[in-house]
């Protein structure tokens, strides 16, 4: 190839790259314009009179509305999760809206934590106090469905349907047997008798201490749940226990009305005809159903929501949801939260902060960084309150403990003050299954602390010393934040998990209440007669984020759909894979 040919070839390659880049850019611009046109083309007509707020309970209730990416919208992929804050807003607004006749709970296997379910139950009861009706229908009621449906005036069931009420429990998966077969030894370092997050890797069943603490927090949670259900169905809490113990799901549905389990048995089309009558429309007309999302998109509802947007007192609600790791996105509390807190602290437009926590913890290091950022926020003189959802334990409590006031719900799981470290030794796996051996040569005995060799006694002592130091830091943060002596915190720490009602008794939280209660208390106690709320992080994100950040959630949705009931096992393994060596994490999940 002569010089002229070389130049021509190089020029062609450069031109090709340039043209490809230009085409890609125009492709992105085209997709953005399509998204704009799609949004402009959406019609949000006013809600008709004699409408019904239709709440479909067949998917997961998440903390807040999750943004849909451009790619998802262009592909027609809908986000079927239910936003807790949007659901509560819709119920609140609809209670005084003359166009809304009542609420229709269309139950079909809702997924949510106990505290979330109890919040929605409370909101439904508040709606009923307005004098409007609530009706529930299901082909079969799972327990989560029933917790919500029990708040309805009318609770209908398909004549061949079922009602499942069984109590609450804690689920754990134990990997010790698998690790033994693989030849993997997990070296564990921890502080706290009850810090049982390491047990699945050391034991094949829970320890006595873990069983004891689990029973002690499950009992008050179930007591609250059955009390709420009993009040809704006008029976005693003992009756709810009887239903659970008798495996009521196997009962002949014909007996349910007499037992007051349901109001009546009827097929869906019969229920829909009754809904027409209840809303005052002719039997030949279509039901005027509006979902919470559709309802809140109505112009007048937007106006209602934005009435306080001009208020000078602006409260930032920062959502901390999921595992605490060094980096993350929606559903994960990552390192990007720390700079966001600093931004809120330095933003003169932000008057106060509510940290909404729904996390069982994670990285101890990341938890400390978030704690420090929140301390910086407090140093500006702005109020900082914390609101706990289903769980705010271990690292979740770590980041909450410095708040001026902490709110939790009676069924919130919190505490678990303790940390642990785990380092695998895969020497057996390599040798036994792969025929691989390793040998290290180093200048000093501890130059290479490898996962291919067990720790030496000196190394084990050093690791435990680091864990002990981390625990003392955690306890110190809690003592400082709660205004309690260190010894008093240690007496309720040791990694122990507490239900919300008990957490209030022992001083881990200040009040019982949900997110709205927390926000209202902050405003009232700081002299804000009117206020507006700004949520962080932005669920929609930038145009660029909406364009490209979609694969992670779509991947998780696909895996969840494919694995079904095995999905929690997958999440446990994935969580283990993403763990930092030192963790402040709660050990288990409550199964309702």
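Just so you know, the numbers here start at 1 and follow the chain as drawn.
Positions of Cβ are set from backbone N, Cα and C atoms, glycine also.
Predicted automatically and left uncurated, TrEMBL annotations should be read as such.
What TrEMBL lists as transmembrane segment is 12-33.
Under the heading domain 'Peptidase S49', TrEMBL lists 127-271 (among others).
When Cβ atoms from all protein chains are considered, those within 10 Å of residue 195 (active site, proton donor/acceptor) total 30, not counting its own. The active site, proton donor/acceptor annotation in TrEMBL covers 195.
As annotated by TrEMBL, domain 'Peptidase S49' applies to 377-527 (among others).
Look at residue 394 (active site, nucleophile): DSSP puts it in coil. According to TrEMBL, the active site, nucleophile annotation covers 394.
There are 31 other CB atoms within 10 A of the CB of residue 394 (active site, nucleophile), with all protein chains counted. For the pair residue 195 (active site, proton donor/acceptor) and residue 394 (active site, nucleophile), the C-alpha distance works out to 9 angstrom. Confidence in the domain 'Peptidase S49' (377-527), given as mean pLDDT, stands at 96.
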